Amino acid sequence: MNYVKRAFLSVTRKKGRSIILFAIVLILGNLIAGAISIQEATGNVEKNIKKQLGGTVTVDVDPKAYEEAFNKGENLIVDPLSKEVINQIGSSTYVKNYDYNLEIMGGGKDLKAFKPETDKDSNLMMAGDLEGMEFRLKGIQHEDILDIKTKKAKLLSGRTFTKEEVEKGSPVAVISQKVAEENNLAIGDKITYITNVFNFAESFGKDAEPVATRDVPLEVIGIFEPIELEKKDKDKDTDQNPMSAFMNIQFQNTIYTPNEVVNHELAFQKAELDKIDPELSGPGEPFSPTYVLKNSEDMDKFKADTEPLIPENYKLTASTDQYNSIAGPVKSMSKMAGFVLIAAIGASLLIISLVVLLFLRDRKHEFGIYLSLGEKRQKVVGQVLLEILVISFLAISLAVFSGSYLAKGVSSSMMQSQIEAENKKEAEEASAGSMMSIGVSPTESNLSKEDVTKEYQVKLSGKYVLSFYLIGISTIVIATIVPMTYLIRLNPKKIMM
């Protein structure tokens, strides 16, 4: 009888043995399928989120440098980036466009800053809460506002700057719609920004008084709206992260103007502080360059090329770095799935090998007869392998669906629990009160842990099915071949005696 036919007859006639093997493979298959589907889902999350974060990079002073100097009792003075270095980095083949900005915080003369009602009772404090430092005057070097080009904001009315206005440092500004509504402003209206110089070495807080002030009249030429804020309003996200909420407020209170305007105010601030103590004023123009890459996937290559160019105590901050801070639950899930996959494959090899070995020992007389009748050993091995593969294939085909379904339920529940725990921890830290940093980084995004979980989807895909079948069948074949050494060593004469 043909060994293929014998294999199928053995599977159908020995139903108990077939059911045992089917159940074992199904259980182990569910573990492998679940782990593969979770790993694929987490991989897709990382890819999609990093795509949303975009390919934006800034060159900033490394906070760790100040921390180390503070711990040593030293006063660290970091020289500002030169325009030559900024432009050299901007000439990289990976860079699509770039801009470098000067920034200063100040107040407004008869100009109200935007502040939501819900924020007034908050215990959190940031520099923008200080009297006379409600607005961020942000300079631009190129006529197009980078935040608008990178779709962090959109121009609702008016225009951005002309090349001539940027070069001459014309007193013109682009403000947010919220500030415009708060002060009944329209295109062509005049506003007065106030440069307030504080000596924070003597006092810091809401009661701090400026040591010098200067008015900066500006003409409103454009009104913008942060796009991410608009999305949050539509989603009615009431549980927004406190840090993101303050970043949004500061974005709304940003006034864009040419770099030269900001430079004059920084020079005024430095001159006034020099009168008190030269060490208070610090170095010169603190440029903050932002680079937008052509493709976010080139981030690592761009970093490798750029890091040797930046001075000591500076570091590159990429928009994709934020993924690490918001994707804790997804990373934990991916790590756990990796361990489960390795453990499941190892357990499958061991358990299936033992089961096959027991089956072979139980059927040694049957195989002895085949060999005595002149059947070749490779055909006997082929029969056993075919039997195992037929049963295993059916179990694996069922596990493709059941494993994915189980993984979806279990992983979603576990991820939600982790998010709730982390949100609770953040809320407790926020309620204690903390000092937030000045400014909104161009690499920051309003993406939250909840946005990450929305991207997390365990679903059947061609890649998942192919990967599972490849790993599953390979594991079965290896687990079956190992105990075959017992069958190959069988001596028909000894068995039949």
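Placed from the backbone N, Cα and C atoms, the Cβ positions cover glycine too.
A TrEMBL annotation is a machine prediction, not a hand-curated record.
So that you can see what the record holds, here are the features copied from TrEMBL:
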type: DOMAIN; residues: 144-258; note: domain 'MacB-like periplasmic core'
type: DOMAIN; residues: 339-419; note: domain 'ABC3 transporter permease C-terminal'
type: TRANSMEM; residues: 20-38; note: transmembrane segment
type: TRANSMEM; residues: 336-360; note: transmembrane segment
type: TRANSMEM; residues: 380-407; note: transmembrane segment
type: TRANSMEM; residues: 466-488; note: transmembrane segment
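DSSP labels the residues of the domain 'ABC3 transporter permease C-terminal' (339-419) in these numbers: 76 helix, 0 strand, 5 coil. Computed over the domain 'ABC3 transporter permease C-terminal' (339-419), the whole-number mean pLDDT of the model equals 83.
Scored on C-beta pairs under 8 angstroms, the neighbour of the transmembrane segment (336-360) with the top count among 20-38, 380-407, 466-488 is 20-38.
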